[in-house]
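Participant: Mind looking over this structure? Questions follow.
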């Protein structure tokens, strides 16, 4: 072996080793979950990150409301509260809510009408996390330098935004129930799922009736509880009315959908009564939430998680709001509507603010409570009535449109 060959051999070997290391590193980065999480455009993974950001914002708003009075009182911009501790807490929640709303509304404006995965907005939605974290932190800080009068105005606007969120959520839930009912009653699945559908329908009706009986026992123990008796009686009447409309000969939608809707409106009735002030003598369960014990804290944590889950599930369900037929989906289409997703989260920011202040920025909310007050109760019960009306209209609307078409011809 010559001297030149001897000197070139280690160099060539080192080059091969370095090339092999680079190849193994590239393969690791391609297969690594962290690499996919931070580097590649992953819309499905991105929505969980946004949900985590929304959860952290909720916890921050709760911390500001229950434990941030001393810190908030040092900010000169908050003197519009005139030193009232409950006002400082409510304003803190509204400021956090405003920052969250601005973040998701900017994301909505920058991703709306994204259709294809090749669009640069897909990359913006699914990547660039350091930049978006900095953007979120900036929007969290900016509202604390805004005058109190503007924050109060935002609180009034948030009532409307929270109502929009409830309406979107309501339509999403009803659309899922009707879709499940239509799927089970289709020619392909009707015979195969007939027994299962009957069992689920019977269980849903039984659970609804048991729930109504328990509501009477727990929240209407005496005739003087007229408001609760009204709420529960109307719930029973709505269950019967939805069943009657669904089983009408011209509709014949079956028992599954009205049974599931019955569970939903019973839950909304329970939520409405639970939202009544804890001083109500008709609310036997109120005493359990007036103390910051483990049960109250657990219930509060579950309630916060439910807010996040409801916002998340509604945000990815953009198809139920497509009022016109679209072209067939292809592989390069985005998996869900990015703009709609961020819009729901923006409205959800207003919604959680209303829950934390009880839909009233001028009342004192005890620690570890959420969505308590007469305003909250009436919002819930009106939402229940609206849910029943929307469901029945979705059953009747095709007949009305068909009749109009016949008359037009």
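The first residue you see is number 1, and the count goes up from there.
Yeah, the Cβs are placed from backbone N, Cα and C, and that goes for glycine too.
The shown structure was predicted, so the numbers you read here are calculated from the model rather than taken from an experiment.
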Participant: In TrEMBL, which of 22-42, 253-273 is labelled transmembrane segment?
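Facilitator: Per TrEMBL, the stretch marked transmembrane segment is 253-273.
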Participant: Please tell me whether the transmembrane segment (334-357) and the transmembrane segment (48-65) touch - that is, whether there are at least 3 C-beta pairs under 8 Å between them, with each pair 6 or more apart in sequence.
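Facilitator: Touching, yes - the transmembrane segment (334-357) and the transmembrane segment (48-65) meet the threshold of 3 or more Cβ pairs under 8 Å.
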Participant: Under 8 Å, at least three CB pairs between the transmembrane segment (226-246) and the transmembrane segment (133-154) (pairs 6 or more apart)?
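Facilitator: Counting Cβ pairs under 8 Å (6 or more apart in sequence), the transmembrane segment (226-246) does not reach the transmembrane segment (133-154), since there are fewer than 3.
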Participant: Please check if the transmembrane segment (193-220) comes into contact with the transmembrane segment (160-181), where contact means 3 or more CB pairs closer than 8 Å and the residues in each pair are separated by 6 or more positions.
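Facilitator: Touching, no - the transmembrane segment (193-220) and the transmembrane segment (160-181) miss the threshold of 3 or more Cβ pairs under 8 Å.
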